[in-house]
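What follows is a short report on a single structure.
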Amino acid sequence: MSRPPITPPPTAPDTKNLAIAIALSLAILLGFQYFYEMPREKARQVELAQKRAAEATAQKANASASANTAAATTTGEGAASVVGQVDIESQNVRIPVETAGVQGTISTRGGRFNDLVLKRYNDTLKKDAKPVTLLYPQSTADGYYAFFGFSAPDGNAGVLPGPNTVWQAAPGQTLTPKTPITLTFDNGQGLVFTRVIKTDEDYLFTITDTVANKGANAVSLQAYGALRRHTKPKEPPNGINHEGTVGVFDGKLKLISYQKLEKGEALQQASTGGWLGFTDKYWLTALIPDQKSKIEGAFKVTQLPNEEVFEVNFLAAPETLAAGQSITTTRHLYAGSKRVSLLEQVGKKLNLQRFDDAVDWGMLWFLTKPFYIMLMFFNGLIGNNIGVAILMVTVVVKVVTFPLVYSSYKSFAKLRDLAPKMAEIKERFAADVQRQQQETMKLYQTEKINPVAGCVPALLQMPIFFALFKVLSISLELRHAPFYGWIHDLSAKDPTTIFNLFGLLPYDPTALPVIGGFLAIGAWPILYGISFWLLQKMQPTATDPMQAQIFALMPWIFVVVFAGFSSGLVIYYTWSNLLTIVQQYVISRRSGTSNPIDEFFARLGKKKTA
């Protein structure tokens with residue numbers, strides 16, 4: 001039986017015509033988007049902005065009422081506590097807060113921490129950038145605040161401090177690291193509460209409450225603290241970093257994402273001491289009870305008619321306060337950045353378990369933490385250049401994993417040298433797949449090659465790869481950190497795009513509707529694709545034509561995928577590929593196997609002598 005004819009590859013004219021057709025189609029598509037869709041999209045955005053402004057106004061109008069409804073659900077707060085509060089905002093006094101790390105105010109209404117900006121961090125890199133706002137009053141669309149109070153398990157203590165209690169404050173107070181503030185509340189039924197709030201230079205607040213019982217009867221009180229959040233973080237979850245509730249109860253870490261809370265998942269956990277709060281990618285707000293007290297912690301969400309309110313709270317065990325006696329309880333609030341060194345410092349100071357685990361180290365924490373420490377070591381060594389520190393960490397990792405790479409490459413190099421013989425077997429037994437496999441295995445046995453030997457070292461390197469990926473995804477130090485050239489924020493994707501010749505053409509193709517996101521392919525993702533393509537050339541060529549075509553497309557597919565990654569990650573991957581190419585070249589020279597680099601220079605030398 002005659003062998004079926006082999007279809008020849010496309011000729012040069014066919015390939016040229018195909019390229020011209022693709023280029024013309026792309027030009028027509030971009031022209032249509034630029035001259036028609038962009039003006040239409042701008043008009044739509046203006047209309048949408050006006051609509052959102054109207055919705056925000058309506059939301060602010062009913063936010064206060066909604067929050068008061070939510071107040072009734074907090075431990076110790078009954079419905080009666082929010083009845084008859086007429087013009088309570090007019091009684092509100094704001095006490096300034098000023099430290100090296102934060103600026104804001106504390107409200108005498110509930111003693112709320114509901115106005116706090118982080119002075120060391122801006123929201124953008126623009127000239128008109130503002131400091132990051134972490135906490136917001138409940139009357140805003142982004143309500144996010146903390147408060148502390150008391151409840152009575154038997155209900156016989158009268159009115160107790162809660163989220164809407166109006167505390168009294170002496171005029172002229174300002175909370176600074178050197179000047180604490182004092183608030184007082186007399187419930188008119190024999191209990192007098194005195195609250196002293198202190199702060200450090202960074203993000204730690206200390207709340208000390210003293211309760212004096214001037215009545216005739218003993219009362220039972222439970223101290224509590226609560227954090228409420230009326231909106232989720234504005235940025236959508238990326239699937240890499242945990243965002244939501246976080247807490248440590250008796251040494252065990254508990255996490256629930258905002259999405260799971262919305263689906264009904266909740267937590268109620270007893271503990272001695274511990275801590276709990278809300279964690280974002282870079283920021284943390286955490287309640288810290290007395291570490292010797294027994295508490296009941298909770299994560300939950302309350303569905304209201306116009307919004308949902310996420311909440312974490314803790315309730316301490318009851319304490320009996322005899323007539324004529326007083327008790328003192330101390331709680332803390334952390335509201336600031338997730339800088340690891342600072343979290344470790346606070347954890348050590350307050351004897352907290354796993355406070356640095358507010359940073360999402362992931363399942364490979366035993367690798368992620370050492371890599372982070374190494375990254376910070378090099379960052380400090382070279383004078384706070386996190387981009388160069390990434391390059392240095394990559395070099396160290398490549399040196400440490402060199403034995404694995406050497407073992408893997410020797411196996412792949414032998415397979416590469418066998419590629420012609422394997423292709424010959426495939427051609428001879430094209431109609432008999434089983435015979436192909438038998439002859440291929442005989443060839444492996446004759447040459448003493450294990451076809452999977454090169455995969456094992458590569459698999460052993462995978463945890464290292466993912467751990468480094470995690471470190472560069474969670475590190476606060478990459479945020480707004482510049483690198484050389486056009487990279488001004490290593491935590492953001494490459495701002496350039498090839499579709500306007502990296503800024504030479506005066507328009508932004510990424511603003512185009514529908515396809516704009518696919519056009520944000522910057523210079524570093526392209527450099528990564530080139531490094532990937534060069535690395536592939538050092539590997540054995542696939543004998544299966546289909547596999548060869550897939551492998552040939554892989555670098556360019558990853559260019560599109562990596563276009564949305566942070567520039568710090570893409571720089572790491574590109575540099576890692578280049579180091580791997582150098583490693584494999586050195587190994588191939590030492591082992592005497594052929595490699596594309598030497599073959600290229602050999603061909604170049606022949607052309608010069610011809």
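Sequential numbering from 1, following the chain as shown.
Just so you know, glycine gets a Cβ as well, placed from its N, Cα and C.
All TrEMBL annotations are machine predictions without curation.
Remember, it's a predicted structure, so these values are computed and weren't measured experimentally.
According to TrEMBL, the feature domain 'Membrane insertase YidC N-terminal' maps to 94-373.
Taken from TrEMBL, the feature domain 'Membrane insertase YidC/Oxa/ALB C-terminal' applies to 387-589. Over the domain 'Membrane insertase YidC/Oxa/ALB C-terminal' (387-589) the predicted model carries a mean pLDDT of 84.
Taken from TrEMBL, the feature transmembrane segment applies to 18-36 (among others).
The transmembrane segment annotation in TrEMBL covers 358-380 (among others).
The transmembrane segment annotation in TrEMBL covers 386-406 (among others).
If you look up TrEMBL, you'll see 449-469 (among others) marked as transmembrane segment.
For 511-535 (among others), the entry in TrEMBL reads transmembrane segment.
Under 8 Å from some Cβ of the transmembrane segment (556-575) lie the Cβ atoms of residues 386-387, 390-391, 394, 468-469, 472-473, 478, 481, 483, 487, 489-494, 517-518, 520-522, 524-529, 531-532, all in the same chain and six or more residues away from its ends. TrEMBL lists 556-575 (among others) with the feature transmembrane segment.
Within its own chain, the transmembrane segment (511-535) has Cβ neighbours under 8 Å at 29, 33-34, 37-38, 41, 486-487, 493-499, 502, 554-556, 558-560, 562-565, 567, 570-571, 573-574, 577-578, 580-581, 584, counting only residues six or more beyond its boundaries. Sequence-distant contacts of the transmembrane segment (386-406) (same chain, at least 6 residues past either end, Cβ-Cβ under 8 Å): 371, 374-376, 378-379, 457-458, 460-461, 464, 468, 472, 475, 477-478, 481-484, 487, 490, 568, 571-572, 575-576, 579-580, 583-584, 587.
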